[in-house]
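Quick look at what TrEMBL lists:
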TRANSMEM  88-111  transmembrane segment
TRANSMEM  123-146  transmembrane segment
TRANSMEM  153-172  transmembrane segment
TRANSMEM  187-211  transmembrane segment
TRANSMEM  223-245  transmembrane segment
TRANSMEM  251-275  transmembrane segment
Amino acid sequence: MERGLGILHRSLHHRIDLLCGLDPRVPCWLVNEGRYEEAKRSLRYLRGSDSTNIDAHVEVLKMSRKSVLVERNAVLSDLLEPTVWKPFVILVLFHFLQTGTGFYGLMYYTVDFFDDLRTSFDPLTVTIFLSVARLVMSCVFGTYCATRLNRKVVTALSSGLSGVSLLGAAAYEHVFTSLDADERLHTWIPIGCILTNVLVCTITVQPLPWLMTRELFPLPVRGIMCGLTYFIGTVLVFLSVKYFMSVMGLFGIPGALSFFSASSFLVCLFGIFVLPDTNNKNRSEIERNFTKAKPRVEEQPLIGKGIGNVMPTLLV
């Protein structure tokens with residue numbers, strides 16, 4: 001039985017290969033390879049009796065190929081523009097600092113992490129409360145902050161508060177690390193600090209790198225650059241979750257929380273000095289952040305210049 005099925009499978013496989021070999025090449029591919037006569041023969045074969053306007057069809061394919069090459073070269077040249085590579089570097093750095101705060105690791109290992117804190121609270125109950133609170137924060141406050149407030153301000157405030165809360169949890173764990181759960185005082189402190197950290201990160205630090213990606217890139221390269229940025233961000237999230245427990249084991253809970261706190265303060269500085277504000281900004285205002293500074297009007301010698309020469313200077 002098995003032998004018969006094997007013979008049948010091989011015979012079908014060879015017949016499919018034979019049919020594929022008899023099938024003509026695709027005309028578009030032949031034109032891209034410069035094999036125009038073969039493209040004409042392929043079109044005649046595919047059309048059958050309706051073989052009119054073959055030459056015109058091939059000419060259309062040639063023109064389409066040239067336009068694609070021109071667009072491809074234009075996109076490659078656009079990638080070197082400061083309005084493309086600068087936001088790319090900023091967003092990758094934002095994703096890197098965001099994963100350094102330990103947010104995604106805490107979300108993935110929530111129950112295990114709260115269990116390691118050795119508090120009097122049930123880890124599963126705390127996790128359920130945290131999930132509900134995150135949902136409310138992201139739907140209400142997160143939407144408001146992401147659409148109405150200055151991106152630099154909310155990033156700096158939320159990451160700064162996150163760093164303070166993580167530092168408080170690290171200090172508590174450092175003081176009571178040698179004590180058992182029933183010997184610790186005020187075990188609600190680390191729980192409250194971690195909950196505060198997660199909730200304020202949910203408002204801005206977690207969603208903003210993903211939301212701002214489509215806002216910063218120019219339209220001609222938005223597709224390829226958004227895809228590349230999302231890919232790098234996803235890889236960083238995977239690595240942060242993958243090695244979260246390794247970091248906890250290497251530094252211990254106080255050391256790991258201190259590391260996450262330092263990363264949060266770096267995000268705060270990043271939001272103040274590096275991150276551009278895109279809220280209620282049009283395309284030209286956003287791109288102006290990545291080009292040369294706008295010159296003062298009094299420094300521009302307007303005598304002898306036409307208006308066509310003045311306008312590009314004032315829009316830099």
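For all residues, glycine too, the Cβ spot is worked out from N, Cα and C.
Only pairs six or more apart in sequence are counted, and the transmembrane segment (251-275) with the transmembrane segment (123-146) gives fewer than three Cβ pairs under 8 Å, not enough to call it a contact. Within the chain carrying the transmembrane segment (223-245), a Cβ under 8 angstroms from the stretch's Cβ atoms is held by residues 75, 79, 84, 87-88, 91-92, 95-96, 98-100, 102, 104-106, 108-109, 112, 209-210, 213-214, 217, all 6 or more beyond its ends.
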